[in-house]
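Q: What follows is a single structure, and I will ask about it in a moment.
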Amino acid sequence: MEIHPSLVVEPSYPDLIIHAGEVTLGEKDRNKMDSKKKRLEKARITEAACALLNSGGGVIVMQMSNKSEHPVEMGLDLETSLRELIPSSDLQAFIETKQQGDLFYIFVKSWSCSPKDGSTKPRICSLSSSLYCRSLTSKLPLDSKETFEFLERKKTCVKGSLTDGKGPPAKIPRLMYQNDLESNPAFEIFQSERLEYGQRLPFSESASIEFKQFSTRRAHEYIKSVIPEYISAFANTQGGYLLFGVDDESKRVLGCPKDNVDRDSLKAVVNEAISKLPVFHFCSSKEKVSYKTRVIDVFKEGNLYGYLCVIKVERFCCAVFSEAPISWMADKENGVYSLNTEKWVRMMVDIGPEAASSKQSSLDDLSKDFECQLSLSNSPPHCRPVYSKKGLEHKGDLQKRLFQVSADCFKYTPESLWRELCSQHERLENLISQQMCSFSCGLLILSRSWAVDLNLEGKQGVICDALLIAENSPPTLYTILEEQDELGQDYCTRTAFTLKQKLVNTGGYTGRVCVMTKVLCLSSQNNIETNGNSVSLIDYPRSYNLANIQEMEDLLQALVIVLLNFSSFLSDQLGCEILNLLTVQQYEILSKSLHKTRKLFVHGMPGSGKTIIAMKIMEKIKNTFHCERDSILYICENQLLRDFIRAKNVCRAVTRKTFMTPNFEVEKIQHIIVDEAQNFRTENGDWYMKAKRITQRMKTCPQIFWIFLDYFQTSHQKESGLPDFLHQYPKEELTKVVRNADKIAEFLQKISEKIRSNPPPIIPRESLNMVCEFNWSQGVSGTCKLLTSLGLEQMARYVAERCYFFLKNGYSAQDIAVLFSTEDEKDNNEDMFLREIRNRTSQIDDAYHLYMFDSIRRFSGLERSIVFGIDPRTAEKSIFHNLMLCLASRARKHLYILSKVPNPFNF
């Protein structure tokens, strides 16, 4: 990454503002300029525009060196440069200009590859791709569209060969290309030991042959300058021969005089120049450019005169660049910076989920079980694809539920928070109403901290933040302070900037957008705004106002993605980040005020997303209370779930047993999240009272104690340590199952009703009434099979056959769990099952099988696409159905329960 030396990103605005220094504007004045200065100014402006197009949009600010009282145009060379930068016929769709005094502004909208004209477009903008190809006798640079198509062809070629072979991405065979080169007429010259000065070659330049003459004494520098573009062109086409020392008109051998070069230095210069060429592989190869160099003696009148240098270049499997592509990005941490070759290619064609051909099963699951909410083919460069489970609400439906916009109606939302804030601060309603009096259509979306909602640190002294989304107005973020605070504007600016960036780069908003800021102080006698920098110093064009309800809804749908997104389990399987969306039920729990809800019991049905909410709430705790990682403690019962959470690095994660050891360090702990609490025990002491004491030590500082549990998944009959159900207050419920396929969810519902009708004595009956609200996201196909009256060897063979089927069809061992009733049964039978599987496939190595076999209890809280339950049973018959529920809910897509007895469930 190279930082731009002369472009400066302004840190104190809620937008990306790039200062480009002094620039001469106007066609007449620019034509009078020194050519070098003119070229440097054009480069600065184009590079700044490139950075903003690729980074979510923003503003270029220029100081006009030629003062003018009258409006001036940019200048034709600047307009042409910007038009060439943007791979779109409509420059004005992305660029607007405005002059204010001696400042000139270029307003840049984020690039998006939306193919409105029906053509495919690159994901990012670039000044140069540094990719070349041969066309007849010329080397041609590829423009943005050609580059995108070239890279897409290469990617598709590898993907096609991979899909056919069902294996890892293979190297593309080189033999056929080598045969072509050896049948080339230049091959005979390449094989020669000596040539005569003035000898006429029996062939001319072509798509695979290029002549270059040594016309300078600086032969080494000349070769270095020629090689990058020509080698890139040959390698990216069909390969070819580059001959140094031939006159391209007469086709006569001239060579390079031996007084200017020697044989070894010629080879060294060629090797050095080619070794520096960047390459990118879509396939598994790691090879650089394949070439051979021959330095051939040239004789004149019987004496050695000099040398002819011939480079034979083979066609490259993927892409060869003459240098790193020239493309820029910007952020407030690094300023304006260039992209390296690998990142540029990955962003250019965006190697998203569709490129994960080796994970065909996961791709199938994605296409069959999820609905796309945000596609890479119609979004800004930094966006990740967003999918929702089939049967869950679309982003448009979520927007209407959370942020409904109505014509001729202005609303404060959420209403409950608005009423609560007004009751707590008597002057607040009047203060905000004064600001809103001119708006008749839109929303004021209130939050105790928009910063925390955006995963930033909150700020003490902020009563609330309010986001205005209104007709004929740009989005505006209001921060209301209790007392005057000089850092209030910084907080508001930082929050507004993050919101604007996330609306584009996460939410996929493709319209023009800025977020204005206003800081109000409740204690001010005149209800005036606080002092501080304001983005209003830049007068944005009217096109940045939300013109109508449709534009407001588009922006609010992007906001829904910003607020409700979380990383999907498919991200790890596909090797690229994919986002899912929370349900409204999950979001409402997550939106609770932590200052008011210091303690909460969250009861959730199996597969309703309890652990996701636990992770998200820990992130919110960190930002609300400015916590270090070790201040937040996550406690669960089993080690696998502990390890899963620990890897997220948001908290300190331990098991209950570790938490209850006498020497467990609690000094730094301020907040505690308990997960899977129904399976906790008191054999090592009263964990609940210990956690409660820790989170009540500091009366002046709020400390959080949230407990997630599901009595339906209780897997023992011992005392859990939880308070009586009636004393579990406040309490929230998660009743929508979002994990499992339809047939598995139906099975879960049946077992849940069975448990409710005949609960184990240890479970409070009232806790099971939530099964009446049980529902799931329907539309996901899957398998739920019960096979009975089988012996263990039959089970092992069946599991092996199904594993072979799934592995052959693109699943991996990481997608499969084989669960036994107890750890002893797992230890006793694992080898037999593993042996049967390995007899059929070689895809199970030692690293994978460690995570493939486990006990039902130890696997609690985790999930897999495919789950086999091996002869599930319990010593305590009263909790048999609970254990079955725990087993079945682990399976996302395919569930197989294999039993020795004829009818284990009595359905």
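Backbone N, Cα and C atoms are what each Cβ position is placed from, and that goes for glycine too.
According to Swiss-Prot, the protein carries these features:
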REGION    1-353  region 'N'-domain region'
ACT_SITE  Glu205  active site
ACT_SITE  Glu210  active site
BINDING   His281, Cys283, Cys318  Zn(2+) binding site
BINDING   Gly604, Met605, Pro606, Gly607, Ser608, Gly609, Lys610, Thr611  ATP binding site
Q: Report, in whole Å, the straight Cα-to-Cα distance of Cys283 (Zn(2+) binding site) from Ser608 (ATP binding site).
A: 39
Q: Specify all same-chain residues, apart from the site residues Gly604, Met605, Pro606, Gly607, Ser608, Gly609, Lys610, Thr611, whose Cβ lies within 8 angstroms of the center of the Cβ atoms of the ATP site, ordered by sequence.
A: Asp710, Leu734, Val737, Val738, Arg739, Ser889
Q: Please work out which residue of His281, Lys610 has the most C-beta neighbours within 10 angstroms of its C-beta, and give that one of the binding-site residues.
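A: For the binding-site residues His281, Lys610, the Cβ with the most other Cβ atoms within 10 Å is Lys610.
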Q: State the Cα to Cα distance, in Å, between Pro606 (ATP binding site) and Cys283 (Zn(2+) binding site), rounded to an integer.
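A: Computed Cα spacing between Pro606 (ATP binding site) and Cys283 (Zn(2+) binding site) is 41 Å.
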Q: State the three-class DSSP label for Gly604 (ATP binding site), counting H, G and I as helix, E and B as strand, and everything else as coil.
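A: Gly604 (ATP binding site) sits in a strand per DSSP.
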Q: Can you tell which of the binding-site residues (Ser608, Thr611) has the fewest other C-beta atoms within 10 angstroms of its C-beta?
A: Thr611
Q: Please report the number of other Cβ atoms within 10 Å of the Cβ of Gly609 (ATP binding site).
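A: That number is 23.
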Q: How big is the gap, in Å, between the Cα of Gly604 (ATP binding site) and that of Cys318 (Zn(2+) binding site), rounded to a whole number?
A: 50
Q: Measuring Cα to Cα, how many angstrom lie between Glu205 (active site) and Lys610 (ATP binding site)?
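A: That comes out at 69 Å between the alpha carbons.
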Q: Judged by the number of other CB atoms within 10 angstroms, which among Glu205, Glu210 is the least packed of the active-site residues?
A: Glu205
Q: Whole-number Å distance between the CA of Cys318 (Zn(2+) binding site) and the CA of Thr611 (ATP binding site)?
A: 42
Q: If you measure Thr611 (ATP binding site) to Glu210 (active site) at Cα, how many Å is it?
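A: Just about 63 Å between their Cα atoms.
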Q: What's the CA to CA span in angstrom from Glu210 (active site) over to Gly609 (ATP binding site)?
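A: A Cα-Cα distance of 63 Å.
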Q: Round to the nearest Å and give the CA-to-CA distance linking Met605 (ATP binding site) with Cys283 (Zn(2+) binding site).
A: 44
Q: Could you check what DSSP calls Glu210 (active site) once collapsed to helix, strand or coil?
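A: The residue in question, Glu210 (active site), is strand (DSSP, three-state).
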Q: Using Cα coordinates, what distance in whole Å links Gly607 (ATP binding site) and Cys283 (Zn(2+) binding site)?
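A: Here the two Cα atoms are 38 Å apart.
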Q: If I take the alpha carbons of Lys610 (ATP binding site) and Cys283 (Zn(2+) binding site), what is the distance between them in whole Å?
A: 40
